[in-house]
Amino acid sequence: MEEHDYDSNSNPPLMSTYKHLFVEQHRLDMDMGAIDVDECELPVIDLAGLMEAEQVCRADMVRAASEWGFFQVTNHGVPQALLRELHDAQVAVFRRPFQEKVTERLLGFSPGKTTGPSTSIRARAVIEEVSRAMYELAQKLAEILMRGLPGAGEGETMVTTREETCFLRLNRYPPCAMAMGGFGLCPHTDSDLLTIVHQQQDTVGGLQLLKGGRWVAVKPSPSTLIVNVGDLLQAWSNDVYKSVEHRVMANATLERFSMAFFLCPSYHTLIIPSSSHVHDDDAHYRSFTFGEYRKQIMEDVRSTGRKIGLHRFRTR
C-alpha cells in the first residue's frame, strides 16, 4: 500500500530525545533475562466455524484465551476495504503538522463523542463505522468466552458493556534507531474486558507478548484481527483466562500504525468471579467495579509510576 510522504513536522517537539526515555526499562528487561525474542504463531480462530462447527470453534477460542491470552480471528465480518480506508485516514491525520493536531484537536474518538471539525467528514464516518463493527464483534467474542467457562450456562449473567465506555485508539509508532531497540509501548496488560487490534502493514512488526518468561513476536497479518484478554475478563473468569503482558518495540527505520478497540463495561459494573463453579471461598479476587479499578490504577501510577493492576484486588 502506498503511504503518504513522511514529514518530520508531524512529530512533537523534542521528538529526537523522546526515544531515549525508556532505555533504563529496556536494560531492566535485559537483566531479567526476558530479551530473547522468537516469532510465534498465535492460535487462529476461523469465525466461519461459528456457523459450520460452532462447538469446535467455541472450544478453540476458550483454549486460546486460557493458554495464550491472545489469538487471531479470520472471517470476522469487518470488511478489509473499510480497514484499509481507516488506515489511510489514520496516516493522513498523523501526517498533519504537530501544531495543527494540538490546536485543532484532531485526535481522539470513542462512541458517543465526536472528532474535531477539522477531521474530514469521511474520516469521521469511517472511524464510527469501524468502531461500531468492532464493538459488535468484541461483544460476541466476550460472550462466547464467558459462556465457555466451566459450569457456565445459558442463564449465566454476563458483564454488561456500554458503547460509551469503550474506545477505539489509533496508534503511530515512529522509527527508533537505538542500537538496543526502543519501546513504542512499554510492557503492560490491558485494563478492559477484551481488546481487538488490527495492523494494515504486513512488513512492520513490533507487537510482542510474554510467553513462558520469554518475549515472542507476533507476525502482522492485515487479513486477521488480533484479540487479547483484558484484566477484567481474567478476574471475571477467576484466572481461567489470562491477561498477558505485552509491549510494542519500535522499528529501526519504519514507522508502524495500528488500531486497537477496547471493550469496557459501565463504570458501575461489578466484576466478580461469577461462574457457577466458583464458590466464595474459591474466588481469587474480591469484587470491584470498573470505575474502582480505573481509579486504583490512576492512583498507583501517580504514586509509584507504574500500574499494579489486579494484584490490588487479589485475595489468593
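The backbone N, Cα and C atoms fix where each Cβ goes, glycine too.
Keep in mind that what you see is a predicted model, and the values were worked out from it rather than measured.
According to TrEMBL, the domain 'Fe2OG dioxygenase' annotation covers 162-265.
With DSSP states grouped into helix (H, G, I), strand (E, B) and coil, the domain 'Fe2OG dioxygenase' (162-265) comes out at 9 helix, 46 strand, 49 coil.
Mean per-residue pLDDT, taken over the domain 'Fe2OG dioxygenase' (162-265), amounts to 91.
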